[in-house]
C-alpha cells in the first residue's frame with residue numbers, strides 16, 4: 001500500500017472522449033490536442049472499456065453518461081435494470097420472483113386474469129419483448145387461467161415500421177408457450193408520455209380498461225391497417241382485439257396488472273392512472289379494482305398501492321463514502337449538462353452530498369444546440385475549479401468536461417473538433433495548477449462519442465460509440481493496465497494510499513515502478 005497521498009488527487013472525466021483507431025470522421029484524432037498527445041506518448045496510460053457487460057449492460061450495447069458515472073463512482077460493475085432482469089431470466093430466478101408470484105396468486109384467488117403491458121420491442125431501451133414472454137411463462141407456470149398482453153409499439157428505438165416483424169415473432173413465442181393472447185395494440189405515443197400530456201395517456205387507459213379502440217381480429221391485422229394508413233409504429237392508433245364483436249381482454253376487477261418496462265420515465269404517468277387513490281388529470285371511467293399492480297422496477301417513489309419486482313439495489317462503500325469514512329474532503333465540479341452525473345450518479349443514485357463533499361456548478365450556455373458554442377463553459381469551469389482548489393485544500397476533486405459528448409451529439413464534425421481542442425487547452429491549464437500544488441491527475445472518459453462523427457452510410461453519427469476510453473496518470477513513476485470503468489475507483493484509492501472496501505470488486509490498474517516517499 002502506497003503511503004504517499006497527493007493533494008488534491010483529481011479525476012478528470014472527458015465525457016464522450018473515445019479511442020478509435022481510424023482517423024476518418026474522428027473529431028478527436030483530427031483535432032489539435034498537444035497536451036493529450038504528449039501524455040499519451042510520455043505518461044502512464046491505458047484503456048478502459050465502457051460498454052456492454054463491462055458496465056452492466058447487455059453485450060454490444062453502448063454505454064452512456066449515467067451508466068458510466070455509476071460504474072466510475074461505485075468501483076464495481078453496476079448491473080442496469082435490463083441486465084438484472086435478463087440475468088434473472090437466464091439463471092431461472094425470475095420464475096421464482098416473490099413479487100410476481102404473489103401478484104399472480106392474488107389474481108388466481110380472485111378469479112381474475114393476469115395482464116402484462118409494456119413496450120413490445122427488442123430495442124432494449126425501455127423494455128424487451130423476450131422479458132414479456134418470460135412473464136407470460138411465469139404466469140402460466142403459476143396457474144394463471146387467462147393471460148393478456150397489452151402491446152405498446154415502438155418505432156423510436158427500433159425502425160419506424162418494424163412492429164409487424166416483432167409482433168409475429170412474439171406471437172410465435174406465445175404459441176410455443178401455449179399461453180397468452182394479445183388483447184390491445186397501440187403506439188407508444190398514446191401511453192408512454194412523460195410530459196403530462198394526459199389526453200394521450202387517457203387514450204391508453206381507456207383502451208386497456210374499457211376496450212375503446214378500433215376493433216380487429218388480430219394484432220397483426222391492426223398493424224397492417226395502420227401501415228396501410230401510413231402510420232408508423234409509434235403512432236399506431238389504439239386497437240382492440242375482439243371475438244364476436246367483444247373485446248377479448250379488458251382489465252376488470254380482481255385482475256392483476258404487471259408493467260414490463262424496466263425504464264421508469266415513460267410509465268410513471270400510466271402507473272399513477274391505475275393506482276392513485278385520488279387522481280385529477282382526467283376522470284377514470286371504469287377504473288378496475290386490481291388484485292395487484294406490479295412495476296418491474298421502481299418507477300416513482302410516490303406511487304401508491306404497487307409492488308416492485310426488482311427494487312433498486314443500494315450501493316455501499318462507493319468512492320464518495322470511502323472518502324467520508326476517512327475524514328477526507330472532496331469537490332465535484334461540472335457544468336449544468338453533466339452536473340447530475342458527477343453528483344447523483346457518481347454517488348450511486350444519492351441526491352444529497354456526502355459528508356465533506358462540496359459541489360461546484362457552472363451554467364451551460366443557453367444555445368439551441370451546442371455546435372453553436374462548442375467551447376460551452378469549459379473555460380469558466382476550469383477557472384472556477386482552479387480558484388476553488390487554491391483556496392480550499394481538497395483531498396479528491398472530480399471534474400467533468402461535457403464538450404466531447406454534448407457537441408458530438410449534434411453530429412457537426414467541425415464543431416466537435418473545436419470542442420476537443422477546447423477541452424485539451426483547459427486540461428492543460430487545470431493539470432498545471434494541480435501539479436504545481438503537489439497534486440496528481442487521473443484522466444478518463446465515461447464513453448465514446450466524438451470519436452465517430454459519420455456513420456457507415458455517410459450520415460451524421462450522433463450516438464455514443466462502443467470504443468474504450470483513455471486512462472492517463474499524471475503523477476509518480478508507474479504503469480497502468482487496461483481494465484474497465486469499475487476499476488477507476490480502486491485505482492484512485494491505490495493512488496491515495498487508501499484500502500479498497502470488499503464491496504468494490506474492481507481492481508487497481510496502477511503498478512508503481514518505485515516505492516513512494518511518505
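We count from 1, first residue shown onward.
Cβ atoms here come from the backbone N, Cα and C positions, even for glycine.
Going by Swiss-Prot, these are the annotated features:
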- 65: active site, phosphoserine intermediate (ACT_SITE)
- 15, 65, 446, 447: Mn(2+) 2 binding site (BINDING)
- 126, 156, 157, 188, 194, 263, 264, 265, 266, 338: substrate binding site (BINDING)
- 405, 409, 464: Mn(2+) 1 binding site (BINDING)
Candidate recorded positions 15, 65, 446, 447, 464, pick with smallest Cα gap to residue 194 (substrate binding site): 65
From 126, 157, 264, 266: binding-site residues whose CA lies within 10 A of residue 464 (Mn(2+) 1 binding site): none
The residue listed as 'active site, phosphoserine intermediate' versus binding-site residues 157, 264, 405, 446 - nearest by Cα: 446
Shortest C-alpha distance to residue 446 (Mn(2+) 2 binding site) - which of the binding-site residues 126, 157, 405, 409: 405
Least buried by Cβ count (within 10 Å) of the binding-site residues 126, 194, 266, 447: 194
Spatially closest candidate among 15, 405, 409, 447, the listed binding-site residues, to residue 157 (substrate binding site) (Cα to Cα): 409
Rounded inter-Cα distance in Å - residue 405 (Mn(2+) 1 binding site), residue 264 (substrate binding site): 24
Substrate site span - longest C-alpha distance across 126, 156, 157, 188, 194, 263, 264, 265, 266, 338, in Å: 28
When distances run from the Cα of residue 266 (substrate binding site) to each of the binding-site residues 15, 409, 447, the nearest one: 409
Secondary structure at residue 194 (substrate binding site), reduced by DSSP to three states: coil
For the Mn(2+) 2 site built from 15, 65, 446, 447, further residues of that chain with CB within 8 A of the site's CB center: 13, 16, 50, 63, 64, 68, 69, 338, 341, 405, 445, 449, 464
Environment of 405, 409, 464, the listed Mn(2+) 1 site - residues of the same chain whose CB lies within 8 A of the CB centroid: 15, 16, 64, 65, 404, 406, 408, 447, 449, 450, 462, 463
Sparsest Cβ surroundings (other CB atoms within 10 Å) among the binding-site residues 15, 446: 15
Assigned element (helix, strand, coil) containing residue 405 (Mn(2+) 1 binding site), judged by DSSP: helix
For the binding-site residues 409, 464, the one whose C-beta sees the most other C-beta atoms within 10 angstroms: 464
